[in-house]
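Visitor: Sending over a structure as structure tokens; questions will come in a sec.
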Amino acid sequence: MDDNKKRALAAALGQIERQFGKGAVMRMGDHERQAIPAISTGSLGLDIALGIGGLPKGRIVEIYGPESSGKTTLTLSVIAEAQKNGATCAFVDAEHALDPEYAGKLGVNVDDLLVSQPDTGEQALEITDMLVRSNAVDVIIVDSVAALVPKAEIEGEMGDMHVGLQARLMSQALRKITGNIKNANCLVIFINQIRMKIGVMFGSPETTTGGNALKFYASVRLDIRRTGAVKEGDEVVGSETRVKIVKNKVSPPFRQAEFQILYGKGIYRNGEIIDLGVAQGLVEKSGAWYSYQGNKIGQGKANAAKYLQENPAIGAEIEKQIREKLLTAGAVAAAAKAAAAEADADDMADADAGY
């Protein structure tokens, strides 16, 4: 850059700082780059798939899926993990369906949890914005977008048509609160439901409620599905769950995590530690026996996981090694390369199919 341009740029930057305050415009190289702070999801596999060890603070996250797929369980698990680190959490219960007893079983400190059960969508989003602007709340859950019913629809007759009201409400609210969320370094999670588009011939007929605004403003979008049942004998005690990261602005997208959700207990974290420990060579498996550092910890996965539950220090040690091994810069770079290759393969498949 020549001297005239440098002087003109310096004058412009000086004027901007005087008018809008210091830091209104910054040169990226003048400041040290910092890792994005994250809050664990409670699932070790999902934390690793997200690339930064959890869900990013200061961002909007959308979690959607069919009924009974584990959406609320996953968000309550996020709250439980955040509270372990002293975070203040809020739950905006637009569905009026939060069960405090179930939340307590998942490890949520219900006594410290802020809960709101708003009457209208406008009220729910205004409360969310006020909590964000307080700069005192670290995690806010909105359950769910489908239940954010505009005031006009509530006050109207049952058969009245209100085209696009909810989409406009979400668009306006997200424009308003996105900047505040970044400034407050607050994680805001919107739970969403799935609907079917009528007359779709090609591609997926599934869509989410509330218009397209949330799709754009969300830094991370998680698609959660129940893929099977967890059984003890003939009794169903939980569900096999798969989460696909369909959008990720902080790490490579399109990665997946699979874990078990046990009824009344939540995410089966010790089972994940055993599986990932074996995959990374940290836990040895010989026949049905599992060993760690030469010591047998159990015959069968259930007994090995029970051993970790009874010896949390060993479980934490294995988990720490897994995180250090899989959340390094090299691992993320390799994942980015793999994700790009996967996306190219999907594009070629779509082209071959004529989409």
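FYI, residue positions are counted from 1 along the chain as it appears here.
Backbone N, Cα and C atoms are what each Cβ position is placed from, and that goes for glycine too.
Sharing the features that Swiss-Prot gives for it:
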type	residues	note
BINDING	Gly65, Pro66, Glu67, Ser68, Ser69, Gly70, Lys71, Thr72	ATP binding site
Visitor: Sort out for me which one of Gly65, Pro66 has the most neighbouring CB atoms within 10 A, since those are the binding-site residues we care about.
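Guide: When each Cβ's neighbours within 10 Å are tallied, Gly65 leads.
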Visitor: Would you list, in sequence order, the residues of this chain other than Gly65, Pro66, Glu67, Ser68, Ser69, Gly70, Lys71, Thr72 that have their CB within 8 A of the centroid of the site's CB atoms, where the site is the one recorded for ATP?
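Guide: Output for this site, in sequence order: Ile224, Arg226.
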Visitor: Within 10 Å of the Cβ of Lys71 (ATP binding site), how many other Cβ atoms are there?
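Guide: Result for Lys71 (ATP binding site): 21 other Cβ atoms within 10 Å.
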Visitor: Within a 10 Å radius of its Cβ, which of these binding-site residues (Ser68, Ser69) has the fewest neighbouring Cβ atoms?
Guide: Ser68
Visitor: Long-range same-chain neighbours of Thr72 (ATP binding site), Cβ under 8 Å, sequence gap at least 6?
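Guide: Leu98, Asp143, Ile191 - these are the non-local Cβ neighbours of Thr72 (ATP binding site), listed in sequence order.
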Visitor: Do any residues at least six apart in sequence from Gly70 (ATP binding site), in the same chain, have a Cβ closer than 8 Å to its Cβ, and if so which, in order?
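Guide: Looking at Cβ-Cβ distances below 8 Å from Gly70 (ATP binding site), excluding near sequence neighbours, one finds Ile224, Arg226, Ser239, Thr241, Ile261.
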Visitor: Tell me, by DSSP, whether Gly65 (ATP binding site) is helix, strand or coil?
Guide: coil
Visitor: Same-chain residues six or more away whose CB lies under 8 A from the CB of Glu67 (ATP binding site)?
Guide: Gln193
